[in-house]
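Taken from TrEMBL as is:
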ACT_SITE  LYS214  active site, proton donor
BINDING   GLY10, PHE11, GLY12, GLY13, VAL14, GLY15  NADP(+) binding site
BINDING   LYS114  NADPH binding site
BINDING   GLU199  L-homoserine binding site
DOMAIN    10-133  domain 'Aspartate/homoserine dehydrogenase NAD-binding'
DOMAIN    146-323  domain 'Homoserine dehydrogenase catalytic'
Amino acid sequence: MRIFRIAIAGFGGVGRATANLLLSRRGRYRQVYGADVRLVAVCGSRSGLADAGGLEADRLSALTTGLSGADFVEASGADILIEAGPSDFRTGGPGLAYIRSALSAGHDTIVISKGALVHSGKQLRELAQGSGAMLKLSGAAAAALPTIDLIEHSLKGCEVLEIEGILNATTNYLLDAMTTKGLGFDAALHEAQQGGFAEADPSNDTEGWDTASKLLIIANFGLGADLTMVDLSVEGIQSVTGERIRTWRAEGVVPKLVGSLARVEGTFRGGVGIRTYPLTDPFANVRGKNKAIRITTDVMGETLAIGSGAEPLATAAAALKDLEHILAARITAPIQISERSS
Ligand code: HSE
């Protein structure tokens with residue numbers, strides 16, 4: 001049975017949920033892929049834990065060694081990196097160094113935090129291409145809501161003309177709570193923070209940066225675009241007042257913070273801003289902390305997905321969906337096609 005050694009960098013809520021879910025699915029990996037998947041190392045910002053034989057759940061409560069930093073993956077002897085550190089799109093965050101070193105060394109890499117992908121996406125794609133490593137990022141591209149997978153698998157071969165997405169749970173929750181429960185902005189934000197889905201700095205959510213980050217990742221990694229933040233116009237919901245909400249209600253429309261992309265003269269233009277929808281539009285009924293994406297293609301028309309899933313487990317599950325794609329790709333022997341004799 002082939003052994004796959006996994007290292008997780010970034011051991012907050014999502015990193016821990018990923019570790020525990022992975023350990024609980026080892027039987028499935030054996031059964032479905034014939035793969036012996038071992039968690040061999042985890043690390044936070046200052047400390048880590050490694051065991052080439054594999055870590056068990058009861059050892060994950062305390063990180064005891066100094067193992068952390070960019071040479072973590074090599075030092076741990078892992079084959080695959082899962083990166084789950086804090087996200088910072090302005091600097092790339094601590095994840096950038098881990099991802100760079102893993103991809104350069106040819107290790108398949110699953111990225112959950114968005115920062116490095118937004119900051120250095122092009123470079124990371126090139127590193128992966130150069131070394132032959134697989135770079136997967138469902139956890140960063142709206143997690144439980146399928147986005148890039150929809151484009152790459154379900155809509156394969158089609159030309160994407162337009163994308164519209166409610167990509168941020170916090171702003172959707174806020175607008176919904178202000179509209180349907182009559183809550184003020186601060187009270188609704190407090191609920192989102194209690195729910196654990198608002199960012200540590202919620203202005204990333206409310207000012208539209210989290211939506212913009214996910215949109216960029218979808219554009220650059222799903223559609224082969226080469227956009228940066230300066231190419232997007234980004235508007236948030238921070239100045240939405242109760243009065244504006246009442247006006248929209250009176251008009252019979254529902255406000256949503258939406259990231260959008262459109263193909264214009266062979267390239268993608270995009271932005272983030274509030275759009276309003278009539279009640280007959282499925283987007284108007286994306287409630288609470290749900291997310292949604294609508295993709296318009298040349299020959300398959302409109303495809304719509306709506307998803308939720310509780311943090312941090314759903315994000316962990318999105319990353320482990322990527323792991324299964326890697327296992328399937330790495331284990332499958334290439335099919336030998338014999339030449340047809342004429
Ligand atoms: N803060 C994000 C959201 C979750 O509200 O969707 C992490 O991407």
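Cβ coordinates come from backbone N, Cα and C, glycine included.
Unlike curated records, TrEMBL annotations are generated automatically.
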When distances run from the Cα of GLY13 (NADP(+) binding site) to each of the recorded positions LYS114, GLU199, LYS214, the nearest one: GLU199
Cα separation, the residue listed as 'NADPH binding site' to GLY15 (NADP(+) binding site) (Å, whole number): 14
When distances run from the Cα of GLY10 (NADP(+) binding site) to each of the recorded positions LYS114, GLU199, LYS214, the nearest one: LYS114
CB contacts for GLY13 (NADP(+) binding site) [other CB atoms within 10 A, all chains]: 14
Those residues of the chain, 6+ apart, with a Cβ under 8 Å from that of VAL14 (NADP(+) binding site): ALA84, ILE112, GLY139, GLU311, PRO312, THR315, ALA316
Counts of helix, strand and coil residues, the domain 'Aspartate/homoserine dehydrogenase NAD-binding' (10-133), according to DSSP: 55 helix, 21 strand, 48 coil
Distance-selected binding-site residues near ligand 1 (C-beta under 6 Å), from GLY10, GLY12, GLY13, VAL14, GLY15, GLU199: GLU199
Nearest-integer angstrom distance between the alpha carbons (Cα) of LYS114 (NADPH binding site) and LYS214 (active site, proton donor): 7
Helix, strand or coil at LYS214 (active site, proton donor) [DSSP, three-state]: helix
Recorded positions compared (GLY12, GLU199, LYS214) - highest count of Cβ atoms within 10 Å: LYS214
Integer Å distance between the CA atoms belonging to GLY12 (NADP(+) binding site) and GLU199 (L-homoserine binding site): 13
Integer Cα-Cα distance in angstrom, PHE11 (NADP(+) binding site) to LYS214 (active site, proton donor): 22
LYS214 (active site, proton donor) and GLY12 (NADP(+) binding site), Cα-Cα, nearest whole angstrom: 20
Remaining residues near the recorded NADP(+) site, that is with C-beta within 8 Å of the centroid of the site residues GLY10, PHE11, GLY12, GLY13, VAL14, GLY15: ILE8, ARG16, ALA17, THR18, GLY44, ALA84, GLY85, PRO312
